[in-house]
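Written below as structure tokens is the structure these notes are about.
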């Protein structure tokens, strides 16, 4: 099927964050929250790197899967898959923002999966990009940033090959059966940010790759349009909210 | 003030759980989810204990506080406060259920704080008790349990002394300034489950304790009434939902 | 039974500590030691909190139980019960001392259980309070503190309900069978420091709580009297000991 | 530049392994070793999966970089990058072998970087594929496997865009300056196994991707030819070596 | 000086252990306890090794040193020095006992330093050897072991070179200044169990080694005599104690 | 047998290290590498110790043994044996160098076992001593050190008693069957650095010790001669290599 699952964004799900979004792709639901820390990682100070940083963390809530998923802290370490996903989210969003323009701050992007049904990493990137845009707009509106450091929107979607057909935005069952699994991260101007295709212990041809890229690109156009609409709507915070933010944001100074 | 903050329960927030509730006490919001594992902890097998077990885990999502809270896995260990709270939640809910009647299963109770503004442990217990009741009712309706193992409802609330006045259901700012902090867990029949009062590095008198107990008891009556109403409403799942549950629950066998 | 088990204090068990006590409640024996560090925790410096800090650590020696207890380091983490107990000991003793008067120092309170037969947490608090008083008196005598920061003595005891009877200072077998288990921490002036009552997966009534509180209060009066006697006796160190202490205590400066 | 760096394979570097190769891509050197364990991972037993498994581990030796790299065990955890690379190596090699034909065994693939100068993950996959083929051939020659489970050879190379030019097999300095970085894993029949392209916090166009894919494919043809030659040569172990292997391999039974 | 510091043994310090000794060498005090577990380590089962095992753990209590020593669990790992010492204690005591004669049991030897003033590892071995003998005698007396598995007594002492003189049983200050530090473990029949001499980043001659060996041997003769006396005395437990032991020891069966 | 196994040194195995050696004792092969860090450990700063430090790390590569050895990071901690060996290597090499003459630097000595067949710790010390001498000579030649801090060469060998015979440089099978196992570390002038003899759960006599010492001393004379030859040969780096080193070494300043 060449159709996206129903996609929606509910903003403000976690009011203590600078911005937050509950993003839904079909039955997949992810809480994406952006918070600001008035400090930079130690390595930036040691290496005297100017500007700020953006870092992402990803986790599946224990009740997001049909069989309860053990917490990372109980297992004693972050599993390899989660580590890989949060690195991908971080790289993708750093492509969206000019870190030289945010000052000596760290933008934290947290993605917690509330319900998992395939595509949690692409939903995370898509939702986090919206939360990031809203957060940045708030900071500009509150006078905390002179100009917006946002360079572009990023959005992500999965594509795959199932029984010889290219398939868009796979749910868990489709993903499990797919012969090839590809994750595409692109900008709203059609540039690539990340391409990760894997035969998952099998192989695929150049022709299959091209068909998947084509289908993915089409889906990402639609998603970017949805993102823009949500951001525009959220972009009208009332005066009271701005004052609160302004008060909070100044504390760390 | 002798008034509870506005309390609400939104059921079904995490659809892959057997039952889930987003509980709200004022600005405090906690996701409470109940999932069933068709196995018991190793110590029960070693010691040949009959019946099942109930265990609770508690965590604050990183964006639940104004200053982002580092994840447990990043800190490398569960902090002492969280460990203490999840032990309290577990003990309180085990008082609500007859573990001998649930078979060789583990009931997992997960409480994740989405927004923290005081009283997260009492909101967790109160919400988890509702989720537990709904889950148990579903299992009985689906024919998975012959009779309900639920012995009673438990609910919890905080009380404190602030500037000489007894105060009910403290928010963060009140809690921080209170001279005494007490957490009460009681049944819907007015029995005590847990009483934890602490001068928080100061002291309190028997008279103060009595006033706090009195105020807490009154609040818990109101809370139990709210719980009963939500459970009754949730207690009418449609036939389709029961079939899904039945199919899932049988898998582990 | 409304009687305490035989209680004794042997001071000086660990001579390298500033003060140490081997406290005995029946067959329960705990080493309580107080040491001084000429530094404060990192969070106090970051938050610019004045004065000093007191922190407690609790552990059961592997041979304190009939079945050998695995060391925390072998298990890889502090178990939840120990973490909870050491937090309780710390809170209770911080209620005894004016941290603003000890300078930029950390008072370490270590409690290691040599023999466990119920009530290790209450014996720990009671013994540590004695060790703390002796340590503080030594520091004043040695001229290291201008005045005593000790505000009051704290003592602790367990009470419970067993077969309908209120029971004082429970040993392991009684504790295991008790329907309710309560730990009381009070000052020598009859104020409450901590009250922790738990139905241990069952429930209890207000009347039962009152009977337990009454019995506990009576026991704590006796204990405070014993503590005062031991401290008074220990309070006459010879001149040589004071000189050693003085030399040691000045090193960190 | 569209040229590979000089590539070589030195077999037998770690004689206790079933097969081992020191692979060299320019100044990058990686020890790749294959060992066989006569057991399968726990999850295969629990889920009753037939056949065997292949798992990979990757590490940089501390003296492989100009600034000494701290060991994982000193840092206390595997860093995210290493975890991601070893997952990639494992997935790539599982595409090369029919796990249903190796019996209830685990094939361990270890890649330890002796000198790092860019492309350590692609060198690892390329070298490990050679070691795997040699190991499997030995097992067949020794009569331990009825037929070869090897489905294909896999090889890997990096490509990138530097100052507008597509570049093959990047060394560290080129990689650091490249605008786009892509890792290609393909079979010796020109099928894709993995494609991972990243703008590394920037973006790239479809045209750039096509040029990189083209260049990479050409390089991988050459690499596959080199692999085949080394395997053919190594494929003539003398009788004594086979006897040793046979004796060892039977031990676990 | 060629004299031992005053040495004493106080038995029964930890009554829940099978046997326990507080050993004193001058100002060094170590609690040595022996407990029995009715099981063997996993590796013995996997490798089908007959008989039992003996394992030792060593730790310094935080208040055993003048500057408080951080607990292992707080540091997150056992430090290298402690790990080395507990391996030495284990090896030394395994030389004392015939593991084939103790059945499928594990003998746990725990050494916790109460006061540290040099020679904690040699005091630990010496005290543990006494506790082991007493424990084994009790088990034989209680009919739990058909015959004594004890092959010999082991004892240990430190020797060193300080300003050109050989020195016996060094205290902390002497140890710190010594040019050479040697630990000798021998049997009561004059055989060597372990010899560990270290120039501690300097060197020593064969002549110095011979003088240290001579002095150590003399000291160990004296120590063995003291051990024998304590064991003989402890070897007359009253009937009640034996019955308790018998009851406990049979539980695991 | 009183013969050493064939010993060889291959220098430059890890070109990014300041100096590296692949040392071979019979079938035992260890990579020894020396790298320089322009910083000292935290404890030296805290305690204001002048000069530099030398620290060693030891690890067995997973394919160095016939049965694959699990990596330390997978086990979650350094095993006791490895910890003990790396402490021994560090102490031995610190006896070789005047740390007051190397400036505020840390010399890292890494020993990774490529093939294990007995005597990995003695091969490590012997190889590391060669790598250290070469590294130090390079630094002097490059003008980074005014004079050589090397005080002496150290070398190490194992000796043992097997069926009543003293045996030099034991391979794995001999070591496993030996009644006594001794490791000798000496200087090239015949002084002792470390002597570690263990009956490995048995005992040995003074006469046996003397025969082992005698045999070990003879072997170490031969080894020292081989070390001197390799160092002399390596000591003629061409001008280009020195320039590279000079450039690198200055970076950290």
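Note that Cβ sites are derived from N, Cα and C of the backbone, with glycine treated the same way.
Caution: TrEMBL annotation is automatic and unverified by curators.
The phosphate binding site annotation in TrEMBL covers C:81, C:119, C:120, C:121. Cβ neighbour count for residue C:121 (phosphate binding site): 25 (other Cβ atoms within 10 Å of its Cβ, all protein chains included). The secondary structure of residue C:121 (phosphate binding site), as reduced to three states from DSSP, is helical.
Taken from TrEMBL, the feature domain 'Exoribonuclease phosphorolytic' covers C:3-135 (among others).
Here the domain 'Exoribonuclease phosphorolytic' (C:153-219) is broken down by DSSP into helix, strand and coil counts: 20 helix, 29 strand, 18 coil. What TrEMBL records for C:153-219 (among others) is domain 'Exoribonuclease phosphorolytic'.
With C:81, C:119, C:120, C:121 listed as the residues that bind phosphate, the site has a largest C-alpha separation of 13 Å. Shown are the binding-site residues C:81, C:119, C:120; of these, the residue with the fewest other Cβ atoms within 10 Å is C:81. Shown in sequence order, C:58, C:85, C:113, C:116, C:118, C:122, C:123, C:124 are the same-chain residues outside C:81, C:119, C:120, C:121 whose Cβ sits within 8 Å of the Cβ centre of the phosphate site. DSSP places the residues of the domain 'Exoribonuclease phosphorolytic' (C:3-135) in helix, strand and coil in these numbers: 43 helix, 41 strand, 49 coil.
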